[in-house]
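**Q** Below is one structure. I have some questions about it.
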Amino acid sequence: MTAILARGLIKTYGDLTAVDHVDLEVGEGEFVGVLGPNGAGKTTLLEMIEGLRRPDGGEVRVLGEAVWPRNGGLQARIGVQLQASSFFERLTVREQIHTFASLYGVGRAPADEWLERVGLVDKISTRVEDLSGGQAQRLSIACALVHDPELVFLDEPTSALDPQARRNLWDLLSSINDAGRTVVLTTHHMDEAEALCDRVAVMDRGRVLVLDTPASLVRGLDAPARITVAPGVLDHAAALELPGVAEVEHDDLDGIVLVTRDPSTVLAELATSRRLDGVRVQTGTLEDVFLSLTGREYRA
Amino acid sequence: MSYHRSAFWALSVAILRGFLRDKASVFFAVIFPLMFLVLFGGLFSSQDQSKVDLVQVGDVALVDELPDGAREAFEDTFEVTRSDDLAAAIEEVRKGDADVVLEQRGDELIAHYTQTEQVKAAITQGTLRALVDGTNVALSGEPPRFSLSSAAVEDDSLTTIQFVTPGLLGWAIAMSAAFGAAATLQGWRQSKLLRRLQLAPVGTGTVVAARIAVTLTIALVQLAVFVGLAAAAFGLQLTGSWWMSLPLVVVGTLCFMAVGLFAGAVAKTVEGAVNLANFLVLPMAFLSGSFFPLDGAPTWLQRFSDLLPLKHLNEGMLDVMVRGQGPGSAVVPLLILAAFAVVITALAAKLFRWDTT
């Protein structure tokens, strides 16, 4: 069964077409990322799928049901974490999740279990205003999951987190997906999408430009590999003579960079001449895909 | 259905906790109006009872030889000190340390007073004239032909506190209902909690009902605290149909929650919403007679105040709480307040947006 089936979704605000004929199909148990610059239409697209906004055209079915008008039965099967920390003011961590649990008719014991899973047990008596950014994100995710939803939407869950907190959160998000839930995530971090998502949709100007696995997207980019050799190992002339090397760039700090479309041959050559020490290989990344699709100019 | 009830309770408890932990809100909803009550009730009512400071210079036979009953009445009105220095005593009056200097020259009783204290001057003149007249009549040996007895229209315990309690209570209820609704709507919209609640399987009705239930609870606690303090400390006496103040408080709260919703719907930030609510409620309190009676105000102002919901809340409360009117007197104010609530809510709903973008 498909978790999300969207056909020809349109949303316009005055002259602006925020979402322009978007099709999206997400299978059950999939982890799908939605990438795109600011203002690409990611949030509007998700809000239509979540049933918060009525599409101007097209149709959405979620878990086999229509999302509009508001459908309480469906809402109980969906969990949504919004960008901001949407909490009741001045409640403690525990009171907060208990309140959300009551809204879904869930008892206190499962709510407390979620606090344990997101590592907030020693913070249960802390007021939400006194939580760090990472703790607030984890609480907000726990509140989104408290009713054990089949489908989870996460809107930029790791923005404004330090690297440790981000990696910890990745583990949590993977475990949510491993338990069989479908997860839809928006993010600005390409490494995050690469690490977590089965498939990635890149959006710009209201359209979905591509939708595929991170690996095929990178492969489809057909970008050359860049092999960096430690300084002093190779000189420019010798580098250019290596079989398979298309171009040689100098990097003052790191040494010489060999640009090639045939990394296996170049690496084999380097290996036989015992020049592999300190070598670094960089193939295309999702970031390259993103930039080649959406361009480099600043967005609002 | 029990599931909706548990959602209602959970939301109500969450909102109430949020309110009670916000010291500024509690202060402005409960303590701040009470300070005004203490100020008005304590300060202004004590003025009524204060005696006139009278300095008696030399012997004043008329006073010294008063019969016992008259002497008691005299001492209820005047606080008598004695002096032998007329010039110094008059100087005391001039400086405001005493209110009147009394001396007797032969058969003439002379009172020196200052006109800056008009009320006390009037009391002094009236009392002394009555004393002189009474003595003249007694000396003539004829029984007096006419007598005067006066009776106030209101309960004879009517003091300042009777008038200020209903008005200040109306203001307090208007303020906390409007601020609560304005701050909740804006705060929840800013934090996207409104969106978050929209995503949960609870109806908008449940969320609104919880917010109303909490505000009503706060308003009824305000009523109890206000009336309790005014009765215990300042001698407030409620008249027969005081219990009709309960529906008045309830409908008044709904009306001013609508004002707060309107402010929350119009403003873009929490501060803006609270300021706008304040801007609407505080001048209205002045013009609706919350702080002083409007009887002396110009007619056009009294007409204008009829357009303000708070005026009708205040009048209704005065009628049933202290003027001794029957329960029926609250019906018209109740209907007017309900109409205001409906119209303002409809206006707020028209202006309402789910989020700020």
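Backbone N, Cα and C atoms are what each Cβ position is placed from, and that goes for glycine too.
TrEMBL annotations: computationally assigned, not manually curated.
So TrEMBL says this about it:
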DOMAIN    B:121-355  domain 'ABC transmembrane type-2'
TRANSMEM  B:26-44  transmembrane segment
TRANSMEM  B:168-188  transmembrane segment
TRANSMEM  B:208-236  transmembrane segment
TRANSMEM  B:242-264  transmembrane segment
TRANSMEM  B:276-294  transmembrane segment
TRANSMEM  B:330-352  transmembrane segment
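Locate each feature and note its surroundings.
**A** Listed as Cβ neighbours of the transmembrane segment (B:168-188) (distance under 8 Å, sequence separation of 6 or more from its ends, same chain) are residues 15, 19, 25, 28-30, 32-33, 36-37, 40, 194, 197, 211, 214-215, 218-219, 222-223, 226-227, 249, 252-261, 263-265, 267, 269-270, 272-274, 276-278, 280-282, 284-285, 288, 290-291, 310, 313-314, 317.
Counting only same-chain residues 6+ beyond the ends of the transmembrane segment (B:242-264), those with a CB under 8 A from a CB of the stretch are 166, 169-170, 173-175, 177-186, 189, 211-212, 215-216, 219-220, 223, 227, 273-274, 276-277, 280-281, 309-310, 313, 316-317, 320-321, 327, 329-330, 333-334, 337-338, 340-341, 344-345, 347-349, 351-352.
Away from its own ends, the transmembrane segment (B:276-294) comes close to residues 36, 40, 163-164, 167-168, 170-171, 174-175, 178-179, 181-182, 256, 259-260, 263-264, 266-267, 301-302, 304-305, 308-311, 313-315 of its chain (Cβ-Cβ under 8 Å, at least six residues beyond either end).
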